[in-house]
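*Asks:* Have a look at the structure that comes next, please.
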Amino acid sequence: MARQMTSSQFHKSKTLDNKYMLGDEIGKGAYGRVYKGLDLENGDFVAIKQVSLENIVQEDLNTIMQEIDLLKNLNHKNIVKYLGSSKTKTHLHIILEYVENGSLANIIKPNKFGPFPESLVAVYIAQVLEGLVYLHEQGVIHRDIKGANILTTKEGLVKLADFGVATKLNEADVNTHSVVGTPYWMAPEVIEMSGVCAASDIWSVGCTVIELLTCVPPYYDLQPMPALFRIVQDDNPPIPDSLSPDITDFLRQCFKKDSRQRPDAKTLLSHPWIRNSRRALQSSLRHSGTIKYMKEATASSEKDDEGSQDAAESLSGENVGISKTDSKSKLPLVGVSSFRSEKDQSTPSDLGEEGTDNSEDDIMSDQVPTLSIHEKSSDAKGTPQDVSDFHGKSERGETPENLVTETSEARKNTSAIKHVGKELSIPVDQTSHSFGRKGEERGIRKAVKTPSSVSGNELARFSDPPGDASLHDLFHPLDKVSEGKPNEASTSMPTSNVNQGDSPVADGGKNDLATKLRATIAQKQMEGETGHSNDGGDLFRLMMGVLKDDVIDIDGLVFDEKVPAENLFPLQAVEFSRLVSSLRPDESEDAIVSSCQKLVAMFRQRPEQKVVFVTQHGFLPLMDLLDIPKSRVICAVLQLINEIIKDNTDFQENACLVGLIPVVMSFAGPERDRSREIRKEAAYFLQQLCQSSPLTLQMFIACRGIPVLVGFLEADYAKYREMVHLAIDGMWQVFKLKRSTPRNDFCRIAAKNGILLRLINTLYSLNEATRLASISGGLDGQAPRVRSGQLDPNNPIFGQNETSSLSMIDQPDVLKTRHGGGEEPSHASTSNSQRSDVHQPDALHPDGDKPRVSSVAPDASTSGTEDVRQQHRISLSANRTSTDKLQKLAEGASNGFPVTQTEQVRPLLSLLDKEPPSRHYSGQLDYVKHITGIERHESRLPLLHGSNEKKNNGDLDFLMAEFAEVSGRGKENGSLDTTTRYPSKTMTKKVLAIEGVASTSGIASQTASGVLSGSGVLNARPGSATSSGLLAHMVSTLSADVAREYLEKVADLLLEFARADTTVKSYMCSQSLLSRLFQMFNRVEPPILLKILECTNHLSTDPNCLENLQRADAIKHLIPNLELKDGHLVYQIHHEVLSALFNLCKINKRRQEQAAENGIIPHLMLFIMSDSPLKQYALPLLCDMAHASRNSREQLRAHGGLDVYLSLLDDEYWSVIALDSIAVCLAQDNDNRKVEQALLKQDAIQKLVDFFQSCPERHFVHILEPFLKIITKSYRINKTLAVNGLTPLLISRLDHQDAIARLNLLKLIKAVYEHHPRPKQLIVENDLPQKLQNLIEERRDGQRSGGQVLVKQMATSLLKALHINTIL
């Protein structure tokens, strides 16, 4: 039975020319299958490669068979021998030597032997190089070196297979769309078709080394097209880290990007890696290889262990630092960040210097009502020596061993320590009038931070002495001046400050109520009842007793101008305690809301009360109130929290540490049941964290803050304007955070949460807002935009816009309400109806923004300043109200208080004339403060470095305004900083910024969103030029500027994401996102267009994005931008477009054809012919068009592309590529033969002949193949070239020593000879037979492998043909 089956199988098997029997299939390649064969004559096994003739024309088939017959003459132990070829009607069969063990690629498969050790790879690669040396000597370039084409015998002998013919098959295939070779092993010049040479095989050898070591070649994790892109784009393929130095150097030699710098195969055979492995092989291949491999692994492991240990030590060091910080942050006092940054670790001298700029915060001893009772005796008893001792230890960073952390003791000592902080900041010259407001907040912050390094004994030194409860000093704050005590004069900031003003406030002490209180207290002191009491309870009872006699309403008294300043503090303390006690969940909703609102007003009047609140109560009670499911309560509590943390980094850190961030974040989401008011309060809280300090920003990010910022990028820009601004500025702050976390990680988090589509939608909205605002403001789109520098004082900045076309940006700001006690009026408009930009993200200018020059206008004139101040003094008494009235009015009236139109307009004009602000792009938050009306006592603009800026000390100026001559000091300080503040007026209090430069971002944002909201007050004056004319125009201009500023920021954000890694870029490559982005190309102005094009260009550098860009019609949208001709950004725009198109079209013929269809060819030719610097992109693109498709070649011819190619023959660098493009165009010419006709012109023929004659030696080898294509594809061109001087040039170069050049020259001479009109004349005139004979007889001495075998064979066959023609 078995014999019958065998017989049956034998009869079914195929035979080839009755000489070979086809057996099993043993492989499959790009152009056919490989079968095992049996030679029926001698029984030898052979390999038979079967190639389909479906797409190969007869002419090319003959060439291929001639090539095989030529290759039969090659004979070397390290190459597979060609035995012949056979042709049937449907297939070409190539007969090859059979190598029994198969390919190395098959052996290293994971299910077989796996990757080889370096030593074994060296053994195999040495033999590969031997084979290549032979092939290259014979003039053959393999072009497809890889593991699958390296075959082995049982004895370990390596043979190179599949050389020479693959190229011919690829060129003959009329449907091919790829370059020759296998993608992952291809050299860059092969991919770019810029001239294949022997060095191309060396690159492939390097790829094969990595393949044998890792089982896969470089870039194998990519698809073929992206892999080709990376091969051309990268400096060199990735080399595994674990390799030895020798093999790494070997690979670097192979991967030289410039083929001329790569060593040849013969040189690489002497490389140390190959030599050392050969010596090791002689002793013991297997043992030596194993030991070496183990040593490498051990060394690598030890290195990794050392790295891990170093990292662990570094990490542990960081942890120690963190733990120390944490331990100090547990102090009960507010200064939890005293040791967290270097700027806080000030020396006494530093503090003294800061003290010279101390503020008016310290007027009236900077009284905190509940602490003022304990303060005065410390004033008398603290000595300079105490101060020096205190700070000496503080500077050394000593910490108490037994620190008492009870809140009561902290309270008890706060005032004393606070006072010491003030003592240290007293200037030496007490008579100087230089007390400015350069650092108003420092007094409070330094005082609060100081105790964190004070020992227990030092704290005891500042404990409350007997008699500390005396109110004598409290009610006589100025009496000490007359006493003239030097010690007290030098340590009392309020005394010196008030004394400078020569204020008559002491007359207020003659008030009857104060007289009665002092008399009562004096009586009690004489009776000894209160002399030793440190408890304020008896004191308050005394006060209340006196007050009952006069039946005074506390609520009405708080802001009653008739009550002297010294009488307000104890009354506010009582009110403060009552309000705080009502902040409990069991209180009614109305009570909680009312208490929160009154506390907000109180904190604005006296910001130092915040210290008391945070120290005694903290944020936890407020967090409990946030659990109440009532919107009014939540909103009111959030307002209170925001007022407390405003511009105070310590309080913000405190709030973060107790877990307030996640709680507030829960109110920031876009849930439908969440009121907009609550959301904007939460947004302001988060904005403060982002913009105050790096530490709070880190805590915000750690609590998953980035997704919250993404959520603020609402689609409805008109409705959520400021929230969108907050998100944009917040993202920039995140990106600017200088920490070990890579920016790419932040990009990935944001991209994962959907920021990219939101950014593009925001970009669209902002662009529309810019366009509409520009149109409405009368801008024609060509007028220059003032982005920084002085504002024109002749043009009013703020006003009411009467047109309705700005509806998109005329909405009230989301974050601009209720933080001044309700809907706040704009600081800059002349109407109290507009809301001010309280939560001002506009002040953020990230470093990523391009810097703009900023300037500040000269300070205001003295007379103008006095006018403003006098105006506000007049209105003081008429507009004061109680806390309750303040809150009710703030909540109930959106148009503010009725004031005369003259009063409204004058402050605005003063601002315009005196201090036109300018933008400051320093990367820091500029600080702009404005006072606008009864609804706001202090503007709330965020500050990144609060300690560098001035703050207002509540309403102490408000109480002392009529007496302190601050205007004089204001003039001396050269600013309006000390202008007194009156809450009913619409005036600008301050325009401050770091180094004197203020940001208009806040002003412009407030104007754009607040002023445009429209109460009609400004427009009520039809005859005023400032009401609806210039003001409306300037509002529109500034609105456009604000939108344009954020438009640029969004474009820069997109650019940041486009620069990120592949994962982030993949989020950008969704179809809808890219389509919307590309649609904006013709909508945006050139600066924004340039940024969007940069994004596209960055995406095009990632091979994984190319397919997505193609599907989104990137090429179709990019090319029209090349039509731009005018403008200073045209070159940059063209650069980005061409670079992106170059990346898209490189290698890929489909995209090249798409670019040609969309009209790129005329643009490319223009760049080339005008010798533009951008021709570096245009030239390769234009040359690639010849390879793309018939349609692209037709367009090339129609636009004169062939003439450009011919002109490029004079360009040394591009000549070879241009010649190859000409050859391709001719080879693919259609039946009309238009390319042939163009090349037959006399000037074209002459250019070709001249180029061959003058071609540089280094390019000579590369031009022979294109010339061979040209003369073999067109016999007419062949004859014309031959009779116009090409023939003698060909024959004269036969003495070239390179075998590849000689072989191609012989092929050219043979082709010319076969079509020459006068062959005998050619033979005789050029003495061709003798030159051929010299080639045949060459090599007598010492050349190995029999010399240039193929050259001799070719010369011999040509000589025989000449002999026949001579005889005939």
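Glycine too: its Cβ is placed from the backbone N, Cα and C atoms.
Residues annotated as domain 'Protein kinase' in Swiss-Prot: 20-274. Positions annotated as repeat 'HEAT 1' by Swiss-Prot, on the basis of sequence analysis: 25-62. Summarising the annotation, Swiss-Prot assigns ATP binding site to I26, G27, K28, G29, A30, Y31, G32, R33, V34, K49 and lists sequence analysis as the type of evidence. Among the features that Swiss-Prot reports, repeat 'HEAT 2' is placed at 86-125, with the record citing sequence analysis. Summarising the annotation, Swiss-Prot assigns active site, proton acceptor to D144 and lists sequence analysis as the type of evidence. Residues or ranges marked as repeat 'HEAT 3' in Swiss-Prot: 218-256. Taken from Swiss-Prot, the feature region 'Disordered' applies to 296-415, 430-507, 777-883. For 351-364, the entry in Swiss-Prot reads compositional bias 'Acidic residues'. Residues or ranges marked as compositional bias 'Basic and acidic residues' in Swiss-Prot: 388-399, 470-486, 813-826, 836-852. Swiss-Prot lists 488-502, 791-808 with the feature compositional bias 'Polar residues'. According to Swiss-Prot, the feature repeat 'HEAT 4' maps to 533-571, an assignment based on sequence analysis. The annotation repeat 'HEAT 5' is assigned in Swiss-Prot to 628-653 on the grounds of sequence analysis. Residues or ranges marked as repeat 'HEAT 6' in Swiss-Prot: 654-695. If you look up Swiss-Prot, you'll see 699-737 marked as repeat 'HEAT 7', on the strength of sequence analysis. Sequence annotations record features per position, and here Swiss-Prot assigns repeat 'HEAT 8' to 750-788. The repeat 'HEAT 11' annotation in Swiss-Prot covers 1067-1105. The repeat 'HEAT 13' feature in Swiss-Prot is assigned to 1154-1191. Per Swiss-Prot, the feature repeat 'HEAT 14' maps to 1196-1234. The repeat 'HEAT 17' annotation in Swiss-Prot covers 1348-1368 and is backed by sequence analysis.
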*Asks:* Can you give me the Cα-Cα distance between G32 (ATP binding site) and the residue listed as 'active site, proton acceptor' in Å, rounded to a whole number?
*Replies:* 15
*Asks:* Counting Cβ pairs under 8 Å that sit 6 or more residues apart, are there three or more between the repeat 'HEAT 11' (1067-1105) and the repeat 'HEAT 3' (218-256)?
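*Replies:* Checked: the repeat 'HEAT 11' (1067-1105) vs the repeat 'HEAT 3' (218-256), in contact.
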*Asks:* In whole Å, how far does the CA atom of K28 (ATP binding site) lie from that of the residue listed as 'active site, proton acceptor'?
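*Replies:* Taking the Cα atoms only, K28 (ATP binding site) lies 15 Å from the residue listed as 'active site, proton acceptor'.
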*Asks:* How big is the Cα-to-Cα gap, in Å, between I26 (ATP binding site) and D144 (active site, proton acceptor)?
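*Replies:* Distance (Cα to Cα, whole Å): 19 Å.
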*Asks:* Between V34 (ATP binding site) and the residue listed as 'active site, proton acceptor', how many Å separate their Cα atoms?
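*Replies:* Computed Cα spacing between V34 (ATP binding site) and the residue listed as 'active site, proton acceptor' is 17 Å.
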*Asks:* For the repeat 'HEAT 6' (654-695), would you mind checking the mean pLDDT of the predicted model?
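*Replies:* Mean pLDDT across the repeat 'HEAT 6' (654-695) comes out at 86.
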*Asks:* State the three-class DSSP label for G32 (ATP binding site), counting H, G and I as helix, E and B as strand, and everything else as coil.
*Replies:* strand
*Asks:* Can you tell me the three-state DSSP label for I26 (ATP binding site)?
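*Replies:* It is in a strand.
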*Asks:* Please report the number of other Cβ atoms within 10 Å of the Cβ of V34 (ATP binding site).
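*Replies:* V34 (ATP binding site): 19 neighbouring Cβ atoms within 10 Å.
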*Asks:* For a three-state summary based on DSSP, what are the helix, strand and coil counts in the repeat 'HEAT 3' (218-256)?
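*Replies:* Its residues divide into 20 helix, 0 strand, 19 coil.
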*Asks:* Would you mind pulling the DSSP three-state label for the residue listed as 'active site, proton acceptor'?
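*Replies:* The residue in question, the residue listed as 'active site, proton acceptor', is coil (DSSP, three-state).
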*Asks:* Report, as a single number, how many Cβ atoms besides its own are within 10 Å of the Cβ of K28 (ATP binding site).
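*Replies:* I count 10 other Cβ atoms within 10 Å of it.
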*Asks:* Work out, from DSSP, the number of helix, strand and coil residues along the repeat 'HEAT 6' (654-695).
*Replies:* 29 helix, 0 strand, 13 coil
*Asks:* For the repeat 'HEAT 17' (1348-1368), find every same-chain residue at least 6 residues outside the stretch whose CB is under 8 Å from a CB in it, and list them.
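*Replies:* Residues packing against the repeat 'HEAT 17' (1348-1368) from afar: 70-71, 73-75, 137-140, 1299, 1302-1303, 1306-1307, 1309-1310, 1313, 1319-1320, 1323, 1328-1329, 1332-1333, 1335-1336, 1338-1339.
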*Asks:* If we count other C-beta atoms within 10 Å, could you say which of the recorded positions I26, G32, D144 has the fewest?
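*Replies:* Sparsest of the recorded positions I26, G32, D144 by Cβ contacts within 10 Å: I26.
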